[in-house]
Amino acid sequence: MSETVAPRPPRVLAVWLIVAGAVGWWAAFSLTMERFHQLMDGGGPASCDFNVLVQCTANLTSWQGSVFGFPNPIIGLAAWIAPIVVGVALLAGARFARWFWTLFWLGIAGAMSFVIWLISQSIFVLGTLCPWCMVTWSVTIPTFIAVTLHLLREGIVPVGPKVRDAAGSLMAWVPLMTFGAYVVVAVIAQLRLDVLAQL
């Protein structure tokens, strides 16, 4: 009698979700503390202010830094818990329903959209590069790519076998795609802000 073998959990994705969630949460926590310290010190400079270009203060004190009426990092403090929980659950062998993955992806996609907007505001409007913000960008981008490809590969998104196979093959290229995204942001920042001349 043949036995049904349960599919192996996506361990690499699970580990990445835990790491990304931890890094993203720490960045959000650090920015939140910087904002609290500024409020207590009467608006003094943040510890992550290195020069006019690389700083946190301009981002934290702008309206872009409090889009919903409170500091953006507070969103990260709550939101980055989700990837950690999902990653730990996957490592433990949990299997989620399609609706769960859909909601999780929508959250990741929302984060990615927000990050793209924040990148554009930081570079083109504020003219700054916030260190902790860039840490958040650096983990959001690969998380979005990896989760999207996972949903396609596993058929959670109803697509044909060719698309599933392509997504499975592309999973190995997530680091390279992520690096490509970093390069695009770096080039835009250099062209707009002349970063190298100000470091």
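Glycine residues also receive a Cβ, built from the backbone N, Cα and C atoms like all the rest.
Curation plays no part in TrEMBL annotations; they are all automatic predictions.
Annotated features, as they stand in TrEMBL:
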type     : residues : note
DOMAIN   : 10-151   : domain 'Vitamin K epoxide reductase'
TRANSMEM : 12-31    : transmembrane segment
TRANSMEM : 74-92    : transmembrane segment
TRANSMEM : 99-119   : transmembrane segment
TRANSMEM : 125-149  : transmembrane segment
TRANSMEM : 170-191  : transmembrane segment
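Within its own chain, the transmembrane segment (74-92) has Cβ neighbours under 8 Å at 9-11, 13-18, 20-22, 24-25, 27-29, 31-32, 68, 104, 107-108, 111, 136, 143, counting only residues six or more beyond its boundaries.
Per DSSP, the domain 'Vitamin K epoxide reductase' (10-151) is made up of 108 helix, 2 strand, 32 coil.
Among 12-31, 99-119, 170-191, 12-31 has the largest number of CB pairs under 8 A with the transmembrane segment (125-149).
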